[in-house]
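Summarising the annotation, TrEMBL assigns pyridoxal 5'-phosphate binding site to N74, G177, S178, G179, G180, T181, S265. For 8-292, the entry in TrEMBL reads domain 'Tryptophan synthase beta chain-like PALP'. Residues annotated as N6-(pyridoxal phosphate)lysine in TrEMBL: K44.
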Amino acid sequence: MLYENLLDIIGNTPIVKINNIFDTDSHADVYLKLENFNPGGSVKDRAALGIIEKAEKEGKLKPGSTIIEPTSGNMGISLAFIGSLKGYKTIIVMPDTMSIERRNILKALNAELILTDGARGMKGAIEKAESLASKNKNYFMPEQFSNPANVEAHYETTGEEILRDLPDVDVFIAGVGSGGTLSGVGRRLKEHSLDIQVVAVEPLTSAVISGEKPGKHQIQGLGAGFIPDTLDMKVIDRIIPVSDNKAFEFVKLIARKCGLFLGVSTGANVAAAYEIAKNMEKGKKVLTIASDTGEKYLSLNIYK
């Protein structure tokens, strides 16, 4: 197929059954929506495009503007390549605990990278980005953790695609970083049927949605350490905290049994899907998200 540019191929990602993760067949079917097929390699392409184009329409983002955003990595990559295509300079503020691969990809995409103290998590990165943005009127901050356009992008695209391709889904599962995917898709699915269960996934050692204190974890992309404004708690039926080791275990399992080389947050999503599906009757359908690719995590030595 022929496209004018990369923006035209964001979205419309495939859904694939991954029942190979089970050793028996007495369970619900598990499906994975492959958001790693987006041109930026992650689910964040949708929100980045939605936020940028809405800001352009509202006059908040103009020729000569600079995009600045705090991110754990994937949103930064999406903003960098979309910004490059649209002619914007991009500055990404990121905790220094994020993988070296993410940093190198951002540099390759010509983004300016500012690292903050990893001990302060995403809050430290947000404070730094806000401080810089407040001093320059030409800076535009997408604010993925509070911008409704993040949620709207998934409501209008991801949710619609799921209803088109898997209308009889019984359970939808997504990890929470900004909460945009879970909230947008969850809201759309609940409009379709209140019987669809929506499940949030978060790191076990930073289970703030469950009411626990924030803490360190290695599931990059999830668990910002606070509850984002973009997270719609009303759509959540259940919360499943997942340990680092369990996420790593399922990343390896997906690669070896399903041939899918995916990121750590996807491991957490699939671990939660496994727990739910094994206790559901055959014929039920559980869907979760492949958030990004595995190449960004090779330095974590998960595959030893």
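Cβ coordinates are placed from backbone N, Cα and C, and glycine is handled just like the others.
What TrEMBL says about a protein is an automatic prediction, not a curated fact.
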Spatial separation of N74 (pyridoxal 5'-phosphate binding site) from the residue listed as 'N6-(pyridoxal phosphate)lysine' - C-alpha basis, Å: 6
Check: same-chain CB within 8 A of pyridoxal 5'-phosphate site center, minus N74, G177, S178, G179, G180, T181, S265: V43, K44, A47, M75, Q144, A174, G175, V176, L182, G221, L222, S291
Binding residues N74, G177, S178, G179, G180, T181, S265 (pyridoxal 5'-phosphate) - maximum C-alpha distance in whole Å: 15
Site with most surrounding Cβ atoms, counting all protein chains shown within 10 Å, from the binding-site residues S178, S265: S265
Greatest C-beta neighbour count within 10 angstroms, which of the binding-site residues G177, G179, G180: G180
